[in-house]
Amino acid sequence: MPALHNAPTVVRATNVSKRFVIRKEKSLKERIVNFGRSQKHKDDFWALRDVSFDITAGTTIGLVGANGSGKSTLLKVLGGIIQPNDGKVERRGRLAALLELGAGFHPDLTGRENVYLNSSILGLSRKQTDEYFQSIVDFSEIEEFIDTQVKFYSSGMYVRLAFAIAVHVDPDILLVDEVLAVGDEPFQEKCMAKIREFQQEGRTIILVSHSASQVEDLCDRVVVLSHGHVVFDGAAAEGILALRESFEH
Amino acid sequence: MATQAEVRAARLAELPFEASASAGPRSVGGFVTSVREIFSHRELLDLLIRRELKSRYKDSALGFLWSLIKPLVQLIIYYVFIGQVLGAARNVADFAIFVFAGLTLWGLYSETISTGTASIVSNGGLIKKVYLPREIFPLAATGSAIFNFLVQMLVLIAAILVLGQFPVSLNLLYVPASIAVVLIWGVAFAVLLSALNVYLRDIQYLVEVVMLLLFWASPIVYSWSFVVTAVKQHTWLLDVYLLNPISLAMLAFQRGLWQAGNQTRVIDGKTIPPQDWPASMELRLVVAAVVGLVVMFIAQRIFARLQGNFAQEI
């Protein structure tokens, strides 16, 4: 992948911290009954602690770490879905978050209606969707079912359509959470080819993955998280080693 | 020739950094930013309203006719039991038009608030996964309430035409004014309550109960004259009654569409004078709208404060 000279920074995270408070009660009754003792019914922990980094345009960066190390939280903070308690995230360019394929699908609507709805959620205008529609359907290879309600889709068809929409949203920054392994093998290869095309086009990809081989294969930078702290930030191969090491703690 | 990647990098280098919503709520500026952000998502809003309408009655044979059947049955119940059996129709001319006008406007308000309140929680799947201006969900609920309102409005107008009571006069201007007041207050509460409902799910049940009470606090199945007679001794109570913006809007709506209310009618040999509408209704409506806008502003600021944790609380 071509590394650009003096590529601009597209994401800048400064001292980002996120604390989760888990209340064990939810209803009014429980709150009144436990009033004043509510501290006991709270658990809090820091999902992210003082995380800072810059990402330059065109890099593919892998966020890795053990379960519960805060990588998905970090991805959500970068995407603006969760606000940090402390610190700030600045970014520029169009961002698309692929945190779950088909998050915006409504089971009762047809594939066609969902394409329009989901592209709009991901930030495409109606005109752009009209333009890309055929290409989205071709990519998903489910043309004959496009006017069927998506609740009748097989899970494979569902993710194919969702992925097809996602890759047609022309993002500068793409956030990906464990969604690359979808569909059957030929479709997976198609997805990986698309990701590589994205890299060629200088898009920034931030991905969360548990697959060391995928990270090593795709990423040119790895950030290893452990208990909300950044424990390693650097080249992919060393990152994988650092990840293995972090498991032992 | 510059590659695609270089072109992109050059373009990105020109863009200013945007702090994601974490910059914290600034009062007026924050409100303006939010409104602008919602405006830029108007196509999505349109699609969400369609989704709501399409999915609601999908797979049912009668489809959206169901959204008419409910108010019509309500009309029959109130017309037969309150109007004929309990005798309210003896003091209210054209009782059917009167009740249906009230039910139509009330439907707009209660549907906006009740579906709006649940909207953030019921769209949890999206909110957890994609960043959107979240106000869009209560607004989409409002949009589908407006659609149902318009359908009922058509039935109401048809009924008025069939009965030959079309009220062509300047009073018709009260109709858009009353709808505006109802929408302002409805959206303000929908936005506020939808955010609170994320943290305390009891809100949506509480809203149901409160709406049930509020239904009787506005002149929907009983007329304004009835209220005036009831509190003859304490006229200050009338002003209290009119503090409820929905009661006021309801009166304005009836004044515009219910012609019998502005005329002297004779029912069973008894003369019914025109309604003694409250004084300076125009001014009251303007005040209700302005106060409503202030409430809407406050509601949006509270919403902006609370929405940072939506994704983890749902």
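Every residue, even glycine, has its Cβ placed from backbone N, Cα and C.
Listed in TrEMBL:
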type: DOMAIN; residues: B:62-306; note: domain 'ABC transmembrane type-2'
type: TRANSMEM; residues: B:60-82; note: transmembrane segment
type: TRANSMEM; residues: B:88-109; note: transmembrane segment
type: TRANSMEM; residues: B:136-166; note: transmembrane segment
type: TRANSMEM; residues: B:172-193; note: transmembrane segment
type: TRANSMEM; residues: B:205-224; note: transmembrane segment
type: TRANSMEM; residues: B:285-304; note: transmembrane segment
### Task
Count the CB pairs under 8 A between the transmembrane segment (B:60-82) and each of B:172-193, B:205-224, B:285-304, then give me the winner.
B:205-224
### Query
Hey, which bits of the same chain come close to the transmembrane segment (B:136-166), Cβ under 8 Å, at least six residues off its ends?
38, 41, 44-46, 48-49, 51-53, 56, 64, 67-68, 71-72, 94, 96-97, 100-101, 103-105, 107-108, 111-112, 115-120, 123, 127, 183, 186-187, 190-191, 194, 257, 259-260
### Query
So which of B:172-193, B:205-224, B:285-304 is most in touch with the transmembrane segment (B:88-109), counting Cβ pairs under 8 Å?
B:205-224
